[in-house]
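TrEMBL has this to say about the protein:
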COMPBIAS  37-56  compositional bias 'Low complexity'
REGION    36-56  region 'Disordered'
REPEAT    78-108  repeat 'WD'
REPEAT    206-247  repeat 'WD'
REPEAT    249-289  repeat 'WD'
REPEAT    294-326  repeat 'WD'
REPEAT    341-370  repeat 'WD'
Amino acid sequence: MGLVLCPILSGGHSSNQSESHSYHLYSESHSYHLRSESSSSLSSQPSLPSVPSLSTPSGRLQQELITRPIHHQCIATLKGHSSYVFSLALSRKFLYSGSSTSEIRAWNRDGHPSSSSVLDRPAPADNIVATSNGAVKSLVVLGDKLFSAHQDNKIRVWKIEEENQGKQHQSRYSCIATLPRMNDRLLRLFSAKNYVEVRRHKKCTWVHHVDTVSALAISKDASFLYSASWDRTFKVWRTSDFRCLESVEKAHDDAINALALSGDGFVYTGSADKKIKVWKKLAGEKKHSLVATIEGHKSAVNALALSTDGSVLYSGACDRSILVWEKDDTSGGHMVLAGALRGHRKAILCLAVVSDLICSGSADNTVRIWRRGSVEKSYSCLAVLEGHRRPVKCLTAAIDSNNSTDDPDFCTSYLVYSGSLDCDIKIWHIQIPIL
């Protein structure tokens, strides 16, 4: 376990053309699994030819890329997980990662970036935060708490406690709650109205997820935790006492794979039923209502991400395209399809937004970095990050606070973290000219 330095990688298409397996989610008899199939199962899916492409550089941006090219390199590979890396989350000091064998690790971010020591080499097991039951499908951090979503249908809450031991500064983690909590279940145990049918001849209280919890998100005011599941529901939990306040049953016709929250109260859910649904708690209402269903993908929606201001929604699916949805004032502020970003050769598995960049990870083993044009509604693929040997399952990104560019007035520096089914986490350093 430790850190392996990577050579500088140039943009371009992945050289790993011989990959024999790709991965996606599927549903069968209310049971959902990660499945391996031949590469043709995903590559044969159409790339939405009827949707106009937005990935054509504008004249100004094209000139910028010629005169001031993008610099990107893999500065480290973090090794330690012995199984698929399914989830990543950033806090101020740490990068957290979750694996398919229920392991959560914390990686110290101090010292980014450096060509020789990006992260301290951990002693065996030193950076293991916790192990539990079920693959870790999603991670979010709120203050001194880490929330993890698991394949055993549970959400766990970990308390992060800072400790100073002489010159050593360490964090200790303890599980303070498993959701739903016992008192939450007991409150609803004896009333028939609190039970919902989860499958034929089987009922459960509505506070329970009954299949893999696939995604988590924190509301803008930090008061609520949202969870989505392959059981086709999403739920709302109060972060102060972890009580389940609401469950939207049968939100989709198939597994919910992705969840995104806007600052103005909209909730976006993406599903294996090929649809994206938009929800909001309307004025005077206690529960979320469906306000729109937006359709454009021809296969399972795997990932969602919102622009910083919430005006643009990006969705990735098994059809190899990233669809771009923009708020349209003429349609009551609803999202309308603007076009598609193309370039990946297999399913889009994850998306992340930082500043004006969109990062996409794919079953084609690559990460692509996109940027929207400042004037025209066009996007450019600034870089193709190659190095993973298996599908890229999770992404997170941040502006590099230790900007090491030669001329910070003309370049912005970013760090992109990618987790893969090759069991590795890679850290990419990207320098982009300021337009």
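Backbone N, Cα and C define each Cβ position, glycine as well.
Long-range contacts of the repeat 'WD' (78-108) within the same chain, counting only residues at least 6 positions beyond its ends with a Cβ under 8 Å from a Cβ of the stretch, are 1-4, 34, 119-120, 122, 127-141, 146, 148-150, 158, 171, 173, 393-396, 398, 417-421, 423-427. Residue counts for the repeat 'WD' (206-247) by DSSP state, with H, G and I taken as helix and E and B as strand, are 0 helix, 21 strand, 21 coil. Helix, strand and coil counts under DSSP for the repeat 'WD' (249-289) come to 0 helix, 18 strand, 23 coil. Secondary structure counts, DSSP: the repeat 'WD' (341-370) has 0 helix, 18 strand, 12 coil.
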